[in-house]
């Protein structure tokens with residue numbers, strides 16, 4: 001009987017990526033299969049996030065529920081990973097005696113040996129160190145799970161915004177070598193992946209080593225990935241404005257695989273608040289990036305992050321944010337009420353904006369961006385959009401579901417054979433959270449056919465050294 005693993009994930013896309021790697025690791029380690037039911041599992045893993053308010057208490061509430069399962073099954077192993085584990089590992093162990101493993105984002109690859117220690121009668125294991133980017137060398141080969149895949153290209157952040165815990169929980173910026181990334185994506189493409197989303201806390205700060213000891217910039221990486229046969233759509237997240245250089249903007253001008261959509265967090269439209277946040281740029285510099293992007297790619301749509309009610313935010317500061325929103329015309333946003341994160345510089349500032357004022361401002365901001373997004377959706381009526389078909393529709397399994405370049409969900413009727421491929425769909429209806437379309441053409445009528453498979457590319461460029469170690473030479 002196979003052993004079962006249950007993973008509960010909170011937080012950003014990086015955490016989702018890490019959880020998928022944990023599942024692959026545990027499958028390779030002892031054939032663990034994932035289960036949605038915690039009560040069925042032999043190992044429970046909680047991948048935590050410290051961005052939101054009361055993150056630590058949320059962890060203890062969850063562990064309290066799992067403690068009851070361990071009382072019924074003493075052999076059950078419970079592990080806590082992610083950013084709260086990295087920041088509060090010792091506190092977790094002191095308050096939750098049921099926890100066996102505590103590991104950070106950079107040490108998840110050590111899970112099998114930690115579990116072996118526990119099974120051998122060892123005490124609870126805590127490993128929240130920052131061993132550079134070692135984890136990528138220890139993880140199993142990538143496995144595709146649908147036509148779209150996330151690939152982490154770097155870890156950590158060195159910007160130290162005053163409100164953010166990421167540099168303290170994930171460490172400084174460290175980039176993966178170029179060859180490792182290209183090899184992983186080529187392997188995914190060979191398994192049917194058509195869309196890749198490059199991941200990093202500050203993805204456009206990527207500076208990866210090449211095989212000849214040069215440094216590959218993020219703009220160069222984008223072009224390398226876009227050139228891989230089978231990868232017809234390319235995304236990345238999350239970016240920082242101060243790293244959004246002209247060479248990246250130039251890629252939008254000549255690389256059609258790069259989607260006409262960008263998530264570029266700004267947090268505030270007030271120069272005074274941006275300075276308090278230690279963002280390193282002013283509102284006009286952010287707008288300059290958007291202006292140059294739209295010159296290079298006129299149809300590009302922008303989403304962003306906003307923090308509402310940062311300490312000292314006045315009515316004029318909020319008005320400046322709304323002015324930026326009006327000037328840029330965002331398609332989407334992730335907007336949140338400010339809450340202090342322990343250990344950050346901003347936590348020492350007086351939180352002098354009332355909760356009622358924060359809620360009112362948040363509602364105003366979200367309402368305005370919803371209006372802007374709806375306007376963009378209506379502009380798509382009657383247009384033909386290229387959709388990557390992900391699978392059956394959630395609401396109607398007799399229909400198919402896919403996404404546009406701008407990540408809008410489109411439901412439409414078509415043959416299931418199109419799942420995993422691109423189709424063209426005419427948009428006929430617009431709803432708040434999705435679009436409806438009619439099938440126009442399949443991939444066999446498009447100019448997307450591969451002339452060379454990723455396997456051919458890998459075979460062409462593989463070289464074994466004297467020790468029999470395979471290297472990928474781009």
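Note that Cβ sites are derived from N, Cα and C of the backbone, with glycine treated the same way.
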### Query
In Swiss-Prot, 12, 83 are given as binding [4Fe-4S] cluster 1, so which of 49, 98 is in that site too?
49
### Arithmetic mean of per-residue pLDDT over the domain 'MTTase N-terminal' (3-120)
88
### Task
Other Cβ atoms within 10 Å is the metric here; tell me which of the binding-site residues 12, 49, 83, 164 scores highest.
83
### Query
At the level of the C-alpha atoms, what whole-angstrom distance separates residue 157 ([4Fe-4S] cluster 2 binding site) and residue 49 ([4Fe-4S] cluster 1 binding site)?
15
### Query
Counting across all protein chains shown, how many other Cβ atoms sit within 10 Å of the Cβ of residue 157 ([4Fe-4S] cluster 2 binding site)?
23
### Message
DSSP on the domain 'MTTase N-terminal' (3-120): how many residues come out helix, how many strand, how many coil?
### Response
65 helix, 22 strand, 31 coil
